[in-house]
DNA sequence: TGCCTACTTGGCACCGAGTGACAGGTAGGC
DNA sequence: GCCTACCTGTCACTCGGTGCCAAGTAGGCA
């Protein structure tokens, strides 16, 4: 019966996230130390690292889980659908669970864009997205080198998502993120 | 007359690079400490950080300089050339100065691919590439939102270069890197 | 020749992220 | 009521990176 513990663990994890993000927005990401976060939450510094591998992970959240959700949504698409349509639809389908935190805080998205160490970690996790999505996309490539082409399509789509996210953050949340994404993709496909 | 000093400085910088890369290949990047590098070169740990801002920079080399070279080559292309052709040609033109280290060591490229902290730094520098190239590419975009479209094209092209580089490294240096790049780009433009 | 100045270097102390090891406490099973 | 996990805090340590200061060295100038 690990459920009780798991619940406790999830709750504490949530509390760390909430407290840390508040501090980050107040003082800036780099200026906030793990000690301060731990103290604010009321746990030891060591325990913080038992819940989050790095300070960056608190901001980035469950990116790998969202990659898996997107992968499931992509796999659920008809096999004869072209990669671009399939990826776009899959992202929209899994958006409710995928973009929760994007909606939750504009400041966080801006911070991810402006803080080098966060950007770096984000790209590191993006690597995982590519690894998960590329084989699924490869099944939808009918001509040429499927692996190379799939990798290119996935990388391009993720880049377009990034661009859309950046424009959205820069607009203060007013820009239509899907429209910007479509515009970015249009640039690639004439 | 700073030339004498500059020469000295450049020579030492080269020596640090050479020594460090040898150690990296021998022991692995993470397992090699800055102290070991400094001691092997015969300088203090503090001086090392006066020549390289981070340990990663020793491996990555002058990526920003290469970005500037590529930007110059791109600007030299005819104004009416489409972005894809212009970028491809510009990369080939600046390749001799751009890909010196790629040719120099397959092990280094592999290390960049397999070491998380190096990958992260590389993407960080890639950000600079985007910032430099996007405005130049935007001038070649005739329809739609030029900024967004230029950002998308640049990001896609850089992603394709990455893919080609990865395939090249994985093949042990036998793959035709330009052919892989063309294949990747073909995936985006049908 | 001798001084002055600018620049470099090394050493020291320090900070912050992240890790391993150990001891103590607490909840659940028997 | 004990035993067994598991979680937690504490301590010590490594390593990357930075600020500061004193010492040294090369070149310019009188």
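Sequential numbering from 1, following the chain as shown.
For all residues, glycine too, the Cβ spot is worked out from N, Cα and C.
Source: prediction; values computed, not measured.
Residues or ranges marked as domain 'HTH tetR-type' by TrEMBL: B:10-70. Feature annotation from TrEMBL assigns DNA-binding region to B:33-52.
With helix defined as DSSP H, G or I and strand as E or B, the DNA-binding region (B:33-52) counts 15 helix, 0 strand, 5 coil. Averaged over the domain 'HTH tetR-type' (B:10-70), the predicted model has a pLDDT of 95.
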